[in-house]
Amino acid sequence: MAVVIRQTNIIWILFVACSGVIDITMAHQKDSVEVDDSKASNKGTNPSALNTSVNVSSNLKRRKSRGNSKANQHIFYPSNTSSASQTLGSFDIFDLTFVSLLHEIQAIVLSSWRIKWELLVFFSPFFFVLLAFVAFLLWNGSVVLGAKEAHAVSPHFAQIMYFSIVSALFAAPLHFTIGHALDLFQSFWKNRLLGFLLLFLASIASLLSVHFFSIAHPYLLADNRHYTFYLWRKIIKFHWSMKYLLVPFYVYSWFSIFRLLGKTRRRIWTLVYFFATSAVLIPAPLIEFRYYTIPFYFFILHTSINDSRSWLLIGILYTVLNAFTMTMFLFRPFHWDHEPWVQRFIW
């Protein structure tokens with residue numbers, strides 16, 4: 001049903017499937033480690049082994065050593081339990097090294113291969129949805145229904161920049177606090193070389209995105225009922241330099257998102273989330289907040305918000321935002337000269 005309503009939801013269907021594969025394979029990896037540790041413990045505490053000759057004792061030691069080395073070969077990353085949250089609480093966004101990601105990918109691939117038939121059965125509904133979507137693409141010739149020319153796929157890389165700052169603003173009590181800023185800075189300072197490198201690469205990518213891949217869709221420029229019309233004209237196009245001055249806020253917002261997700265999720269999950277968000281937003285030439293809804297919901301659902309103060313501030317923020325929206329919609333109507341009907345402000 002989600003794909004029928006909006007075709008790009010196929011990306012989120014695949015994202016949910018990938019998230020499930022990650023959780024299942026890591027849980028299987030944990031079980032394998034516990035079994036190996038139990039076997040090694042039993043071998044090391046066998047009463048009969050303590051009464052045998054020196055040669056047998058030596059053989060048991062060698063077997064125990066092999067058992068321990070076998071257990072050490074398994075790479076385990078904790079799941080989303082309370083103990084896992086404590087372990088992942090020390091996660092450093094600037095520790096997204098290539099080697100660390102390779103370790104997680106290796107663990108997932110190896111575990112997936114061991115339980116491939118179980119995964120195939122468990123995720124078969126997702127596979128059928130994917131096949132139906134492929135059949136739709138072959139029949140329709142495009143992912144777009146309706147006005148295909150107006151919604152043609154475009155390399156709109158600036159879209160993920162807009163999403164980052166909008167998501168940060170809609171969860172401002174989480175991102176824009178002194179404590180969180182200091183935490184982000186300490187995470188950056190802990191590994192300065194890698195931190196500066198990631199900051200430099202992210203800034204360059206953001207500058208290139210807003211310079212070469214900022215798209216002003218005709219609908220955005222023509223429809224003054226949407227708030228994006230005014231945000232584009234009054235902020236982004238206020239001055240030619242404005243889109244470049246916003247780059248530090250884009251970069252901070254993405255690093256803040258990664259930091260918050262990194263406290264509860266694994267590196268590979270955060271990376272898959274970023275790729276899924278990019279796959280949905282980059283091809284969309286039109287700037288609309290409704291495109292950001294699903295990735296924002298996933299971000300909030302997978303962010304650990306433990307203090308009531310943050311929830312209270314977010315509740316107040318949304319109450320004020322909804323009151324403003326309803327006030328503008330109900331009490332500030334206007335007319336277009338070329339149409340007789342009343343027009344209203346909407347998101």
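Glycine too: its Cβ is placed from the backbone N, Cα and C atoms.
Features reported for this protein in TrEMBL:
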type	residues	note
COMPBIAS	41-59	compositional bias 'Polar residues'
REGION	35-72	region 'Disordered'
SIGNAL	1-27	signal peptide
TRANSMEM	119-139	transmembrane segment
TRANSMEM	159-182	transmembrane segment
TRANSMEM	194-220	transmembrane segment
TRANSMEM	240-261	transmembrane segment
TRANSMEM	268-291	transmembrane segment
TRANSMEM	311-331	transmembrane segment
How about the transmembrane segment (268-291) and the transmembrane segment (159-182): do they have 3 or more C-beta pairs under 8 A, pairs 6 or more apart in sequence? yes
Same-chain residues at least 6 beyond the ends of the transmembrane segment (194-220) with CB under 8 Å of its CB atoms are 94-97, 150, 154-158, 160-161, 187-188, 226, 228-229, 232, 236, 243-244, 246-248, 250-251, 254-255, 285-287
Tertiary contacts of the transmembrane segment (159-182), defined by C-beta under 8 angstroms and 6+ residue spacing from its ends, are 206, 209-210, 246-247, 249-250, 252-254, 256-257, 259-260, 277-278, 281-282, 284, 287, 289, 291-292, 295-296, 299-300, 303, 305, 309-310, 313-314, 317
Long-range Cβ contacts under 8 Å made by the transmembrane segment (240-261), restricted to residues 6 or more beyond its ends, are 93, 96, 158, 161, 164-165, 167-168, 174-175, 180, 183-184, 187-188, 199, 202-203, 206-207, 210-211, 214, 269-270, 273-274, 299, 302-304
